[in-house]
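Trainee: From Swiss-Prot, for reference:
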- 132: active site, proton donor (ACT_SITE)
- 135: active site, cysteine sulfenic acid (-SOH) intermediate (ACT_SITE)
- 132-135: disulfide bond (DISULFID)
């Protein structure tokens, strides 16, 4: 976890909790290494921070097969589209939109490179980051029906939350060095 350790060290003091959580959530728990690192890569991609994604990819490549990483990146890409589309349908609340076919290609959901259940878990984590209630509910049902426990789902969402917070915290690092208005005036 050397690359993500470097990210942890780059986080500013206001993100101290995130620094500690980033180390904790990626330790072995209820998820397999493929699930843990797939969620980390997918949510780092969804957070759109190049530094964080590069670090997650570097550490994941040392732990899992390339197919897992490919699926994680595909989940981030497909969910970037689906989360917007299905969140709109949910938010507008009109039956007429719900009846319209999506007509959006999402073949990777059906044919992932590695595990179908793991791909759905990656999609669930990204959907949580992107705030799509419909997608979160749908993917949660699929992974639980596929044999994952609520503890595993919970662990995946904890990873997603911390990776997202790490991306935000990396952005804060540039502002932490900026003097406050009071300090500049004094």
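Here the Cβ of each residue, glycine as well, is placed from N, Cα and C on the backbone.
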Trainee: Using a 10 Å radius around its CB, how many other CB atoms surround the residue listed as 'active site, cysteine sulfenic acid (-SOH) intermediate'?
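Mentor: A count of 22.
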Trainee: Cβ distance under 8 Å to residue 132 (active site, proton donor), same chain, sequence separation 6 or more: which residues?
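Mentor: Once residues fewer than 6 apart are set aside, residue 132 (active site, proton donor) is near 79, 82, 83, 84, 86, 87, 90.
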Trainee: Using DSSP, would you call the residue listed as 'active site, proton donor' helix, strand or coil?
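Mentor: For the residue listed as 'active site, proton donor' - judged by DSSP and reduced to three states - the answer is coil.
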